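Features of the protein shown, as given by TrEMBL:
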DOMAIN    3-122  domain 'Response regulatory'
MOD_RES   D54  4-aspartylphosphate
Amino acid sequence: MTTVLIVDACKPSLVMTSEIFKDKMSGTIVDVAQSGKETLEYLNDKKPDLCVIDFDLPDVDGPALVEAMRKVFQGPILMTAYPERMVEEAVSDHLFAFNDASAWVSKPIKSEELEQKIDKFLLDGYRLGKRFASDMETQLVGKAAGRGKRAPKASGRIINLSLGGAKVKLEGALKVKKSQELTLTLALPVADPRKGGSRVAAGETKIKATIAWTNTSQGELGLKFLRLTEVQKRGLENFFRDKQPV
C-alpha cells in the first residue's frame with residue numbers, strides 16, 4: 001500500500017493535498033507533518049513512497065529541508081510554493097540538480113498539476129537526479145580478488161554524470177560484474193562559477209560506487225554512487241552549473 005508524507009504548516013493545504021492523493025490512488029496512507037523537525041523525526045522511523053513538502057515552513061525553507069531529507073530518504077520529494085521570485089531563485093540555486101524537487105507545484109494547488117507529478121515520479125519511476133553531459137577523464141579501480149592479487153583498474157571517460165551516479169565509456173578492458181563495488185577517480189572544481197571563482201580542479205577525489213549495469217559490446221558501465229561527502233557534492237554541483245542536462 002502506498003504511503004505519502006505531506007508537510008505543510010497550513011491545515012487547509014494539508015487537507016487539500018491529502019484529498020488529491022486519496023482520490024487518485026484509493027487506499028493511500030497519508031501521514032502529515034507541520035515542520036522540518038517533525039519531517040526528519042518521521043523519516044528516522046518510516047520511509048514513505050513519496051514526500052510533498054511546502055517551501056514555507058516555520059523552522060526551515062523547502063530547499064534546506066530537501067537537502068537534509070536526501071541524507072535519509074531516497075524517494076521522490078515534491079515541493080509546493082506560492083509563485084514568487086524568491087522561490088524561483090532558491091530552486092535554481094539549490095535544487096537544479098534534481099528533477100523532482102525542482103519541478104515544484106504552484107499554490108493554490110491544482111489537482112491536475114499535482115497528479116502529473118505523481119504519475120511521473122511515483123507511478124512511472126522517473127529519474128530523480130538530473131544527468132549532465134561530461135567529457136571528464138576518470139580511472140576505475142575494483143577490489144582485488146584476494147591477498148597478493150592486483151586490483152583491476154581501467155581508464156575511461158565519463159559520458160554523463162549526476163549526484164547519484166555516472167555513465168562511463170571504458171578505454172581498456174575491465175573485468176567486472178553487476179553490483180560489484182569499485183572506486184571512481186575524478187577531478188572536481190572547488191569554486192562556484194556564479195560567484196566569480198575560477199574553475200580550478202580540486203585534485204583527485206575518489207567516489208565509491210557499485211556497477212548498476214554493463215554494456216560489454218559498447219565498453220560502457222553505469223555506476224551508482226554509494227556515498228558522497230559534502231565536499232564532493234558541492235564539487236559536482238559546481239561542475240554541473242555550466243553543463244547541459246541530458
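Heads up, the Cβ atoms here are built off N, Cα and C, so glycines get one too.
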What is the total of other Cβ atoms whose distance to the Cβ of the residue listed as '4-aspartylphosphate' is within 10 Å?
24
Could you give me three numbers for the domain 'Response regulatory' (3-122), the DSSP helix, strand and coil residue counts?
59 helix, 25 strand, 36 coil
Average the per-residue pLDDT over the domain 'Response regulatory' (3-122) and send me the rounded value.
95
